[in-house]
Amino acid sequence: MSQVTARVLNSGMRLPPLPTIRELVKLYKLQAMKQLSQNFLMDERLTDKIVKSAGRIDPRDIVLEVGPGPGGITRSILRRQPQRLILVEKDRRFGETLQLLRECASPLDMQVDIYYDDILRFNIEQHIPDTTQRIHLIGNLPFSISTRLLINWYADLAARRGAFRRNDTCMTLTFQKEVAERICAPVGSEQRCRLSVMSQIWTEPVMKFIIPGKAFVPKPQVDVGVVKLIPLKQPKTQLPFSLVERVVRHIFSMRQKYCRRGYGTLLPPDSREETTQTLFQRADVRDTLRSFELSVPQCLRLADAYAEYIKEHPEVEAYDYRGPKNPDVSGAAAASS
């Protein structure tokens, strides 16, 4: 860090004055695009609160922001002065606005990198090869990709790859209020679903606060929840992510019925009832519970039981209850039971 920059930071000087986000939107004739699920957050008190929810951001840290748009949250991040800020934005219309923010950050020795890319395809590991610096993931997520992105990141977290090669990469993200509540839903809650269990296997999700829809432009028909997801230091399972995700997805496919109904669809019909009962006994889980009444340990014991079963009957792993009937798989499983 240069002596000039040190003096700037020590003096408490802030970023140079910029047009407000509302002025920038008007200046560049920016309009939110429905197909990109865009909603702009104009209130800097709220963007500051989102970034504050991420916790301490040190001068050596890297922040990756998803979908900065006109730069509301971006400005709040820059005030925290990370060493590097990576912006991943799919919509090139925001280029001039984001370039202006980069120029304002440059005198303070903050590196701002802008990538016009789809976060679902963005290779974080390629752009952040160094694992000595802590990473924060922050974003006002488009509603249309939020669940898919989160599941992708959980897969990375389970494999210790991408942004999660260290075990301290926290995610501070916005979701539709209903989705945010599902992520954090406890056992027995009517809102508990696949996303609840997957989130709670690999992270500790914390609902930070709710933003009313009227704070966004254009105003969405729903309120928004800000959730911080803190990776667990010790994972709750060593099973492959894909297997756990498959089992949990099947369990919750019939969430209002007894959990054995959804779980049973993992198995060919010829041996389904008997095998399902056996696996529930192995897992020490009552099969008359409904899926939203299952705890994370119970779901993982059911995943363990299924993993052991497909070791004994490898042909069952390929079974897909939605596909065409496969007498070879059903017959083989029944014969070997």
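Each position is counted from 1, following the chain as shown.
Using the three backbone atoms N, Cα and C, a Cβ is placed for every residue, glycine included.
According to its DSSP assignment, PHE40 (S-adenosyl-L-methionine binding site) is in a strand. According to Swiss-Prot, the S-adenosyl-L-methionine binding site annotation covers GLN38, ASN39, PHE40, LEU41, GLY67, GLU89, ASP118, ASN140.
The transit peptide feature in Swiss-Prot is assigned to 1-84.
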Collapsed DSSP category at ASN140 (S-adenosyl-L-methionine binding site): strand
Set of same-chain residues at least 6 away whose C-beta sits under 8 angstroms from ASN140 (S-adenosyl-L-methionine binding site): ASN39, LEU41, ILE50, VAL66, GLY67, GLY69, GLY72, ILE73, LEU173, THR174
